[in-house]
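Each remark here refers to the structure printed beneath this line.
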Amino acid sequence: MEKIQRKWVVFGVLIVSAMIGFFIVTQFYILVEVIGTSMEPTFQNGEVIVVEKTDQVKRGEIVYFQYGSLRYIKRVIGVSGDQIEVKNNQIYVNGQPLREPYVQQKQMESFGPITVPEQTLFVLGDDRSQSIDSRHMGFIPVKDLKGRVVFE
């Protein structure tokens, strides 16, 4: 009889631990399905990624954000105060060429220089020819961030 009770206690502890773990994980992380091809080759359509809930991001990180009624996954090219310019298919951040080994097709219209306003981000998709990003939506307010990608 005592052996059976011990099994139930262990089972109960495992269930409670799993529930606490699930609660903690869902407070800090969300799973997101990639929809579309704008982040290829980094992410493929249908791939599931893990997003850490935060508004603290750096240049080069991939973010998940709300724009209107839709949510997007894009790469941060510029943060508050950065100067962004594109000329001859090369992106310059603060006057320095941006190294982008993740981009296969670098053809872009020239623009800028523009300065990223406070509390906003300038984002682009890795597949520039298929992406709706800051070139179309403008700067993304940091308050609209849902998080940054931490696991692919």
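Including glycine, each Cβ sits where the backbone N, Cα and C put it.
In TrEMBL this protein carries:
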- 8-151: domain 'Peptidase S26' (DOMAIN)
- 9-32: transmembrane segment (TRANSMEM)
- Ser38: active site (ACT_SITE)
- Lys74: active site (ACT_SITE)
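For the domain 'Peptidase S26' (8-151), residue counts in helix, strand and coil come to 31 helix, 55 strand, 58 coil, using DSSP. A 10 Å cutoff on Cβ-Cβ distances gives Ser38 (active site) a total of 22 other Cβ atoms nearby, all chains included. In this view, Lys74 (active site) is surrounded by 24 other Cβ atoms within 10 Å of its Cβ, with every protein chain counted. Note: the Cα of Lys74 (active site) and the Cα of Ser38 (active site) are spaced 8 Å from each other. Confidence across the domain 'Peptidase S26' (8-151), taken as the mean pLDDT and rounded to a whole number, stands at 92.
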